[in-house]
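Asker: I have a structure here, written as structure tokens, and I will follow up with some questions on it.
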Amino acid sequence: MQLEVVGLGGAGCRLADAIRATAPVDRAFLTDVFAFDTDEATLQETVIPESHRAQYGQGTALEGSTGLDGDLDQGFEAGQAVVDDLLKVRERANSTTPDAILVTVGLGGTTGGPTAPALIAALQRSVDAPVYVLATLPADREFDPDAAAADRGPHTGVTANTGGDEPPRPAAASHAIRTLEALEGVASAIVLFDNEAWLRPGETLADSRTRSNRELATRVAAVFAGSGGDSAGPVAQTVVDASDIERILGTESAIVSLGYGEQTVETTSSRFGLGLLPTERDVETSEAVSAVETVVRKGIYGKLSFECEPETADRGLLIVGGPPAWLNRRAIAGGRRELQATVGGTGVLGGDAPRPDGEAVFAAVVLAGVETERLERLRTLAD
Ligand SMILES: Nc1nc2c(ncn2[C@@H]2O[C@H](COP(=O)(O)OP(=O)(O)OP(=O)(O)O)[C@@H](O)[C@H]2O)c(=O)[nH]1
Ligand SMILES: [Mg+2]
């Protein structure tokens, strides 16, 4: 399928950039990638072309990490006021109509979050495609002095400190929860990534960013490329297209978590030969079955972008991809049955994504409509 990505604020722009940087073969699933921020420095750090970037909202409540003084309503109003300008940038640069738009944003700040609801509402009105959000949740240490102190050890101060070059954001939990509430009924679906769960012990937020963004970009590419990727390549046995993804993500702002598993496999490359030899060695069926089973298990039961019980999901999607010889049809069907058994209900779809140049077998899992305690906890911390 063809996805457009719109990054808002620091995290949003870095995520959009990371998605754009995913393997060239997967770039085929992207139409345009935009980066919008109040902060010029963020924009310059990306490799997104100037035609697709815009600095906006200078001098408004959207600017700077103390800009809102905890008053998010001011931010939402300022967000509303900039929407027309952003839509104009988009219209000027836009190449093709996408099958879907993904707005990426870090919840907790004062730029991206407050802009997202108004921009998404405007995109829903003006583009004939679902508009999904990919949002990060703040780590506890950004707003919780106890969490920050615990991470640094017992003999340090008690002010919330992220331990790196990220400013403390005392209102981050409340901003995140209120922005999520504002996205309800506006975004077609809300894909979450929880920074708290992806931080490693002792690691600063700044350190974890690049790794987290890459992980998340890989998941986004695996899901939204669907069965496509290389249009000249082999066709999937069971195609996952834009309408399948739309069916699973829904239109009612469902909370979505993404799972992913990957295993590098041996392929003999034809790059060094004359292209006369088969590009892959024969793959033992048992080996292919085991690789598919392994990645599917990782995808369903491994670390999710947002911690939740897979059993609570209303709908699920499984895409198994990799070099065609490794995509064992029976094993993929088995994986789909496993996801079906886990999710319950009947809303499970599955398919494959052949990647002739791929060096890994992967499984991308979408769990939509999940329930979770993490949001409850953030709500408590936000009060
Ligand atoms: N995963 C990830 N999370 C990030 C990244 N940068 C920031 N965050 C998270 O996103 C939240 C919002 O940060 P930014 O996106 O920088 O904020 P902003 O929207 O630019 O708003 P300002 O406060 O005005 O800078 C932070 O509290 C972090 O939790 C990133 O690169 N990756
Ligand atoms: Mg910023």
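Heads up, the Cβ atoms here are built off N, Cα and C, so glycines get one too.
A TrEMBL annotation is a machine prediction, not a hand-curated record.
The domain 'Tubulin/FtsZ GTPase' annotation in TrEMBL covers 5-140. Residues or ranges marked as region 'Disordered' by TrEMBL: 144-171. Positions annotated as domain 'Tubulin-like CetZ C-terminal' by TrEMBL: 202-382.
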Asker: For the domain 'Tubulin/FtsZ GTPase' (5-140), how many residues does DSSP put in helix, in strand and in coil?
Answerer: 63 helix, 29 strand, 44 coil
Asker: Can you give the mean pLDDT for the domain 'Tubulin-like CetZ C-terminal' (202-382), rounded to a whole number?
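Answerer: PLDDT averaged over the stretch: 89.
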